[in-house]
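A short write-up of the structure that comes next.
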Amino acid sequence: MSHNTVHLLLLFLSSIITIESYEFKCPTDWISYGTDCYQFIRSPAKNYEEAREACSRYNAFLLSVISLEEHNFITEWLRQNDPIHSSWYTSAIDTGSNSWRWAVPIHGANSFDPIGSVAHSSSGGVSHEFSAGNSGRSSQSDFYSILASLWLPTSVTNTNKNRPQSNLYDSSRPTSIQQQQTLIDGSIWDRNAKNAVYNFSKSHNRWGLIRVNGMEYHNYVCKLRRQNVNFATAMERNIDYGYNTFDTNKIPRGPRFIYDPESVVFDVSGRAQLNYATLKCVAEGFPTPTYKWYKQDYVGATVHDKLIDPLSDRRYTQTDGILTIDNPQADKDRGKYHCTAENQYGIIISKTVQLSFGYIGEFTKKRSPEFGREFWGRSISCDPPKHHPSVNYHWSRDSFEYIVEDDRRIFVSRDGNLYFSSLEKIDRANYSCNVKSSIASSGRTGPFFPLIVDSASNSQNLLFPNHFPKIFPDYKLAGTEIRLECMAYGYPVPYYNWSRTGITDRMPAGSYLTSYARVLIIPSAKVEDSGEYTCTATSGKDFISKSVALLIQSLPVILREIGNKVVERDLPALQWECEAFGIPAVTYTWYKNGIEISDYNKATIFSEEDRNRLEVRSNILIIHGLIPERDEGMYQCKATNEFGTAFSSGQLRIVQMAPSLRKHPMPSELFAGEGANITIPCVPEALPAPTFEWQKDYNRISAMGGRIRILSNGFLHISPVHRTDEGTYTCIARNNLGHDRTHGRLRVFPRPKMYIRPNPVYERQIGDTIELPCMAATEGTLDVAYVWQHNGIRIVTDQTKSSGSESMMSTNQFSMSGLDGDLRITNLTLAETGDYECIVETNVGSISASTKIVLYAQPGAPGAVVCDDITATSARLHWSDGSDNGRRITSYRIEGHTNHDNRWQVILNSSEYENRFETIRENGRKLVYLNNILSPWSTYQFRVAAINEIGMGPYSEPSPSYNTDKSVPFKAPSNVNGGGGKVGTLMIMWDPLPPKDWNAPDIWYRVYYKAEDMIDHPYIDHNLTSQGNINMFAVNVGDENYYKRYLVRVQAMNSMGAGRTISDPVVVYSAESMPQIAPTGVYATAHNSTAMNVTWTPLDSNREKLRGKLIGHRIKYWKLSQNPQFDALTLLRRDPEQSWGLIVGLFPDTEYYIAVMGYNEAGAGPESEPFLARTYKAAPQQQPTSVNVTAINARSVMVKWRGISSLTAAEEPIIGYKVRYWEQDQPITRATEVYKYLDGGDLQAIISDLIPGKVYKLRVLAFSNGGDGKMSSQIEFKVGDGVESNVQPLSSASTSFASFTSATAIARPTIYHTRLVALFDSIIFYLFLTYIL
C-alpha cells in the first residue's frame, strides 16, 4: 500500500463517525484526567460500602491512585476546592497483616482487582502482592513508591523513637505501640481501622492518606474509565434535552449571569473628569434576556426593592444590563442595588452591590508640638480626616519633598501612625502626615508640627507599643493579602523575628518578611493560615515576645452548583441540593423566578396549592408533585454570611416526550473484526424512560444474556463477534408517548494477522542504524495502516503525519522503509531505547507486535527511591534499578537536598568500602546505609544515579520528603566579636547559625566570658534560653571595667541540649568610657586669611586616662566675641596619630579661640585650654591685567602682565604672582604654577617644556599671606614651528590672529567682560568691608 494511502486512511480513521468517538467522553460534571473521569461527591456523606455502591451506579469505582502524577492531580483539586478540609474515601483497604490494596475493577464495577499492595515485614524488607490482572500495567516498585508516599506521617508514642512515622504500621511491633499511633494533628486511630481517606494535615500543610473505620461517614471520590462510560446506567440530561437544534446559541434556555455586578465607589473629588457611576450585569440565554435594576429603600424598618425607571429621572440611563447614573448625589443614590435578568423561561436576580461615595475630609489647620526623650521610643498619630474608602499614608519631614522612609529605627504603620524605636537628636524636625485615596490620585496634606527631642540620662527598655502586634486589614478574608506588623520601643534598636505556634510551626506558603523583618506578609491567605503568630523583639541582652491570633474568614463560595434539571412529569418529588462554604458559616435562601421561597412569601405570594409542595430544608429544596405549568422556571440558591453572598442558578424543565434519536443516530456503517467485541449505542431522548427493542435484519433479537446482550442503558453488546453477526441492526426506543428507531449495517471482517514480526530484542550500540520489520496479512478489501509506538507514544514520520494527533513524537531519526510497516531508526541514542510496538490498524480491528531496543550505555535511571529507619544523622535508602543497558551496575551516586538548601549535593558514592550497597533478598531492591551523613531536623529528598563501566546514567526521580530527628547543634557560632555599647557593658556579637545547623526547631545561645587577666578563673556563662536566634548579648560588667580585655566564647543550644562545640576564645573589649585627659601644648597659626594650622602635644595613651581607643580629636573654635557654649563649631580629626589640624572657612583678620579634646567611642574628653589666634588679612582683591604671551622658541613662551597698583587696608601685602597654565582638555585643578616673587624686576615669567601644537590655557594671579588673589581672564595659546597662533579670550566669541616667528598669543578681553568683572569685584569687596566694619 502506498504512503499516500496510509495517510488517507489515518485521516479517515480519525474523522469517521464511530462508536469510539461517543464512548470516551466523560459525563457532565465529571473531571477528566488522563484516561479516566473523576467525580468528587460531597453530599450526602456515605460510609465505605455505601460510597462503593454509589460509584457503581455510574459503572465507576472508588478512587484508586496508581501514579504520583495522579496523586498530585487529586491533591491539587482538593487544595483548590475543599477549603474546609473534609475527608474523602478511597478504595484502599487493609486485607490483613498491614497489606493494603486498591480495589480496581477488571471489567466493570462489580469485579475487583487488587492491583497493588504493600506491607512492612518484620525483617524490615518490603513484600508485594499482585494479581495476574496487573500484568503489564505497573511495576512492583512503582506501586511501592506510590503507596509509600501517600500516607500522612504520625507520631508514635515510643520510648525508643520519637519521630514521624507512616500511617502504615509495622506488624512486628507490640500491639500497645501499634494502638498508640497518633496523627501529627492530634487525631487518634487504632490498628483496627481498615480503610483509608484523603485527609489534610495542617502540621505538614499537605493532603495524604490516613486510616479510618469504614463505618464513618465521609465524602468520596468516584473514578470511571473512559472506555466504560457507555456501560453507565445513569444518563445525563442537559438543558438542550429534547430540543432538535444543533446550534448551541439557539437552544431555548433561561438566563444565566456571566458577569455579576460589582460594588462601585464614586470619587467625589474627580467629578470634573468623571461625573457618572456605572453598574453592570450581563446574562446569557435564549431568547436574549431583558434587565431591570432595583435599589433597596427603607419604608420604616422594612426593606423594599424600588424599580429604577430611566424615564422617571433623566440622570438614569440603561443599556441592556448597564445602568449609568449621571451626576450621582450621595443623598439620593447611595445604597444597595441588584439587577434581574428575564426571558420567557424565568427570572434570576444578581447579588446585591453597593454604590458609595469616596471622599477625604480636611485635616485640622494647626497641630500642637510632640515631645519625646532621646533614646526613648515614641509614637505619633496621624490624626487623619474622615474618609471613605481606605487611604494610604506617608509622612513628610521639614518639606513635602522629604518623605520619611522606613529604616530599622523608624516605622510607618498601615494605620498611619509614625513610630520611633528610640528617638535621636537628629529626629528634631517638623513633621506632616499626608493621606492619599486608594481609588484616585486625590489626597490631603496635614499641618506641619515640631517634634521636640529632649536629652535623657537613661534609655528605653524593650516594650511593645499599644496594640502591637497588629493585623491588617480589619477583615481577614481568604484570598486577600494579610499584613502582620510588629514594632518595639528600645535602645539599642531592636531586631525582629516572626514565628508560628500551635498545631504547626510552618509559615504560610508564599509568606515573606519585609521592613527589616517587622512585617510578615501573607500574599493570598488561605483558611489553613489561621493560627497564632508570635513576634519576638531582641535588643542587646533583652528580648520580649507577644502573640496575636489570626483568624482567616471567607466570603461564601459555592462548592456544589445546583445545575439545570430536566425531569419527567410524573416524578413524585424533586430534590435540589446546594452546598457552599464560608466563615462564618453560611445560611441558605432559595428563590424561584426571583422571588424568595420563604414562609412569608409562601403565605402571601405563592398560591395555596404551591405552599405545601415547596419545602426548604436549609441547603435542600424539595418540590413535591411536579406540575409543569407551575414549577418550571429559574431557581436560585443564595449562600450568605456577614461578608457577602454567592448565588447558584439552575433551570427546571419538566419534560414529557416520545423517544427521539435525531441527535444521536446510529452510524450508517459499523465495522467489527471477527472474534472481537462491539458495543452498538442507542441513545434516545425520551421521558418517561423508554424501553428498547433490537432487530437484526428486521427480526427481533431476544438477548437475555450470553454472547449478545442488551445492556441496562439500551446498548447492544456482542462479544465475541462472529461472521454470522453481519447484517442491518435496528434500535427501537418506546414509551407511552411514541417510539423512534435508528439503524446501521454491521460488516464483519477477519481480523488482521501478523505475518512478519520483529525480533523480541535488538542489541545495538550508540550511533547505529536499525530497521524493525513489521508486516500483516489483512482482508484485501480493507485499507491498512501501520503505526509504531515508542514507550507508548506514537511515532510520527513524514509518511504518517496527520492533524489532530495526540501523544505523538516526531524526529528526523524515524522513517518508514519499504511498502509495509518497517521502521528505520538512524543514529541511535539512549533516548531511542525501550519498548517498540508495531500496530496494524484496519476498519475492523488491530493487531500488534512488540520488540525492545537495548543499547550498551550508561545505566537507566533508578526508580522508587524510598528512605526508612531515619535517625538524626543516618537513614536506610533503597531503590529499584533501572535498565543496566547491557553492562553490570558497579556503584551508585547518591545526592540529596534539604528544605534549607535546594541544591543537589553529593551524599556518598556507594563504592566507598564502609557504605557498600546491598540487595534486599525478598524483592531485589538495592539498599545502602547513610551512616552519620545527614543533617538533623531537616527535610530530605534523595535521588540516585547508577554507574557502570561506560559511565554514570541519569538520576532517578526525587524520593518523597523525609524528616530527620532532632539533635544538639553540631557547630559553634562563627565570627565571635564584640565591643561598643554603653559604659559598664560587654557587648558580645556573633554570626547566628543558619537554620540548617539548628538541628531542632528552636535555637538559642550560651555566652561565656571572663577577664583576660583572670586566666585561672572559670568562665562566667549566661544561658540565653528562649531568646531565639539572636546575634548579640550585652553583659553588665560594671562601670569600673571600662575598655577591659575579656575572653569570650559562644555555644549554640537547642531543646535537645548544648552544642557539641564551643567557639574558640576571642578577645573582646568592654565598652569604653569617655577620656579623662585634655590635650596640652595647643598652638595655632594663621595659614591664610580663611584657615589656621593647629598643633598640640599627643595624648598619653594610658588606659586610665584615655579609657578606650582614641579615635581622633575634636577641634573646637569660636570668635573672640562669641559664646563658646552656643556659637562654637567643631572640626573632627579622625586620625589619632596626627596631632595637628587645619581649620578652614574662617573670616579674614579675625581672632578665634581654639580648644582641642580627644574622643573615643564613648564620647569626647575634657577640652584643652583655649588658644587665641588671628587669621591673616584678605588676599588680593584685584586681578592682574594686560596679560601677554610671546613665543621664545618652539617649546617656551614669555608671559608678561601688568601688576596690581594699589591695596586696601584690609588686604595683606603682595608677596608675588603665580602663572597657572594647563592643557586645554584638562581641568584647572591639573594646572602647573610658575612663581614670580616681587624683586623689583619686570613682571614676567618664562614657561618651558611645552608641547608644540597643543593648546594651553593660562591665568595670572597675585598672592600674599592672605592667600591667592583673583585670577586674570583666561586666555588660550599654542606653540609650534612657523604655525600661526590664535588668541582666544575666554569671554570673547571672536578670534584674533597674529604672526610671530614661532607663535604668539595676546589676551584681549572685551569691554563688556572687563566691566562685568570689575563690577563683580567691587560688589565682593564692598560686602567684605561692610562685614569687618
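We count from 1, first residue shown onward.
Backbone N, Cα and C atoms are what each Cβ position is placed from, and that goes for glycine too.
Among the features that TrEMBL reports, domain 'C-type lectin' is placed at 33-103. For 255-356, 372-438, 469-549, 556-655, 659-747, 752-854, the entry in TrEMBL reads domain 'Ig-like'. According to TrEMBL, the feature domain 'Fibronectin type-III' maps to 861-967, 972-1073, 1078-1178, 1183-1282. According to TrEMBL, the feature signal peptide maps to 1-21.
Taking every recorded stretch in 33-103, 469-549, 556-655, 972-1073, 1183-1282 and counting its Cβ pairs under 8 Å to the domain 'Ig-like' (255-356), the highest total belongs to 556-655. Contact counts against the domain 'Ig-like' (469-549), taken as Cβ pairs under 8 Å, peak for 372-438 among the stretches 372-438, 659-747, 752-854, 861-967, 1078-1178. Counting residue by residue with DSSP, the domain 'Ig-like' (752-854) contains 3 helix, 52 strand, 48 coil. When each of 372-438, 556-655, 752-854 is scored by its Cβ pairs under 8 Å to the domain 'C-type lectin' (33-103), the top-ranked stretch turns out to be 556-655.
Taken together, the residues of the domain 'Fibronectin type-III' (861-967) have an average pLDDT of 87. Broken down with DSSP, the domain 'Ig-like' (372-438) shows 3 helix, 36 strand, 28 coil.
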